[in-house]
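Note sheet for the following structure.
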Amino acid sequence: MASASIPAYNSIPLENSSSQNASNESLKMEPLADVALLPGEERVIDKDIIYICPFNGALKGKVFITNFRLYFKSDGDHVVVLDVPLGAISRVEKMGGASSRGENSYGLDITCKDMRNLRFALKQEGHSRRDIFEILFRYAFPLSHGLPLFAYLSQEKFDENGWHVYKPMEEYRRQGLPTDKWRISFINEDYKLCDTYPTILVVPFKATEDDLQKVATFRSRCRIPVLSWINKENQAVIVRCSQPLVGMSGKRNKDDERYLEMIREANGTTKLTIFDARPNVNAVANKATGGGYEGDDAYQNAELVFLDIHNIHVMRESLKKLKDIVYPNVEEAHWLSSLESTHWLEHIKLVLSGAIQVADKVSSGNSVVVHCSDGWDRTAQLTSLAMLMLDSHYRTLRGFQVLLEKEWIGFGHKFASRIGHGDKNHADQDRSPIFLQFIDCVWQMTKQFPTAFEFNERLLMVILDHLYSCRFGTFLYNCENVRDNNLLRTKTVSLWSLVNSDTSSFINPFYTEESSRVLYPVASMRHLELWVTYYIRWNPRIRQQQQSPVEQRYRELLALRDQYLKKLQELQLSDSSPSTHLSNSSTPSAASPTQHITRLQTPF
């Protein structure tokens with residue numbers, strides 16, 4: 001089984017490591033020439049072990065554990081390598097006991113967050129697994145042991161600083177804000193209005209700071225309705241927030257009602273559409289815990305639409321079922337019925353369908369408000385996907401980074417709670433694959449519109465790998481407030497530093513820029529596919545299917561074109577030298593440089 005793709009950018013081999021505080025034990029470890037350690041990565045333990053490979057059987061070899069990864073390499077001619085970031089591990093368990101019978105029945109079971117499980121066997125005598133179990137448990141779950149996440153230990157350096165990718169004021173100016181109807185508010189600059197919102201908010205021009213304070217008391221977690229995106233042509237907006245605190249008694253709040261009326265009036269929308277991401281029955285049930293939804297009697301100029309997207313617990317169970325059918329083996333005989341029983345694609349369909357409805361309303365000139373319960377899970381899925389459909393800027397490599405920084409990271413999707421970075425509590429009910437689901441929806445769109453996105457599938461997979469890896473600071477913690485308190489931007493490296501220092505690896509060769517096109521993907525089960533190259537990538541049969549021949553050929557043609565353009569430039573430079581210019585001054589040019597370039601371009 002091949003290794004996970006973890007590019008070792010700016011990495012250094014072990015023997016060149018400048019670590020001053022290596023323990024005496026680590027100095028005795030044998031050199032590991034074929035693994036380039038990241039700057040800041042240190043070896044902790046080596047051990048002879050047997051990897052119970054689901055595809056090749058029991059394989060003897062050596063496992064190396066660092067403060068960042070688990071690396072295994074098998075002995076013999078047919079070498080199998082595992083390269084697993086410790087952040088991708090969700091659970092480590094002891095397998096068998098001292099009295100266990102049967103070959104390879106004593107060892108470790110490792111459950112990973114990236115759709116694979118690992119099993120290692122050791123000799124039974126002398127508590128041979130105790131040291132490796134304790135070290136693995138300690139370094140895979142550093143926060144549970146009072147240790148820092150690897151992102152705070154990393155010494156990587158890149159050409160670009162990814163923390164500069166997203167600047168809120170620049171992004172709002174790009175959208176044409178502020179306007180005479182919408183203003184920038186700094187009421188949350190110290191996180192006192194809402195501790196899970198960003199510091200810069202866009203609110204209705206008519207709304208005073210006092211209005212915002214009053215509305216915050218009637219919205220769950222004080223997550224008031226604020227602008228995410230505005231349509232420059234028709235001034236329709238996407239506004240995001242959390243549920244109103246209606247409760248069982250059906251409470252009303254005049255300030256909240258007037259505030260939503262301001263949003264409606266900003267572009268003269270006849271009726272403000274409120275998209276509640278939840279199923280109707282769930283929204284009603286939330287009244288029992290003090291939440292609820294906007295009733296017709298209180299919000300008379302609004303229409304309420306429920307989108308039937310299930311909660312985090314349903315999504316977690318769905319992914320668990322999907323993992324059961326794709327790893328380690330895919331059962332061909334009942335594949336379609338097994339896939340259907342997971343309901344994974346059904347959930348993808350509902351999220352995409354909801355985003356399409358949001359985009360369609362805004363495109364036709366109607367402003368919308370989007371919320372779920374707290375406004376940081378399904379809400380982020382819907383607003384970001386709708387913005388991806390409406391605004392081609394977010395379909396560029398850097399624009400997509402801005403979208404994630406803004407709608408997910410800035411507006412407080414609970415990455416720490418949903419992923420469980422460095423936390424041993426694998427059964428935590430807050431864990432859920434909400435962001436994975438969003439990236440899957442983006443992948444579905446790239447399949448349906450192969451020329452509309454500047455970035456490729458590799459970017460999406462790298463984002464998901466580093467969602468778990470803890471190598472970068474980008475997806476750590478639940479909100480900006482906590483990130484600021486932990487000095488994230490000064491003490492860790494951004495994932496976008498890696499991406500933007502090697503953009504050629506993430507560019508889609510088929511990309512065609514279309515500035516005003518709105519994308520409407522087909523959210524039908526007949527048009528949705530399982531993302532095989534992600535979910536089943538650990539299966540050797542799947543991994544052997546490399547880049548498509550068409551894409552490979554297209555890249556070759558682009559490289560050839562670049563060569564010809566370079567030669568052309570060289571010829572033009574030699575033609576423009578004084579002697580050549582004099583001798584050819586009486587002869588008209590056969591073709592202008594632009595004509596040459598036009599001929600050399602390959603129409604695709």
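Glycine too: its Cβ is placed from the backbone N, Cα and C atoms.
Where the annotation comes from TrEMBL, it is an automatic prediction and has not been curated.
Features of the protein shown, as given by TrEMBL:
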type: ACT_SITE; residues: Cys372; note: active site, phosphocysteine intermediate
type: BINDING; residues: Asn311, Ile312, Cys372, Ser373, Asp374, Gly375, Trp376, Asp377, Arg378; note: substrate binding site
type: COMPBIAS; residues: 575-594; note: compositional bias 'Low complexity'
type: COMPBIAS; residues: 595-604; note: compositional bias 'Polar residues'
type: DOMAIN; residues: 162-535; note: domain 'Myotubularin phosphatase'
type: DOMAIN; residues: 342-388; note: domain 'Tyrosine specific protein phosphatases'
type: REGION; residues: 575-604; note: region 'Disordered'
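Each residue in Ala277, Thr379, Ile434 lies on the same chain as Asn311, Ile312, Cys372, Ser373, Asp374, Gly375, Trp376, Asp377, Arg378 and has a C-beta within 8 Å of the C-beta centroid of that substrate site, without being one of the site residues.
Applying DSSP to the domain 'Tyrosine specific protein phosphatases' (342-388) sorts its residues as follows: 32 helix, 4 strand, 11 coil. Within 10 Å of the C-beta atom of Trp376 (substrate binding site) sit 25 other C-beta atoms, taking all shown protein chains into account. There are 29 other Cβ atoms within 10 Å of the Cβ belonging to Arg378 (substrate binding site).
Separating the Cα atoms of the residue listed as 'active site, phosphocysteine intermediate' and Arg378 (substrate binding site) is a whole-number distance of 6 Å. Taking each Cβ in turn and tallying the other Cβ atoms within 10 Å, the top scorer among the recorded positions Asn311, Cys372, Asp374 is Cys372. Binding of substrate is attributed in the record to Asn311, Ile312, Cys372, Ser373, Asp374, Gly375, Trp376, Asp377, Arg378, and the widest Cα separation among these residues amounts to 12 Å. Computed over the domain 'Myotubularin phosphatase' (162-535), the whole-number mean pLDDT of the model equals 97.
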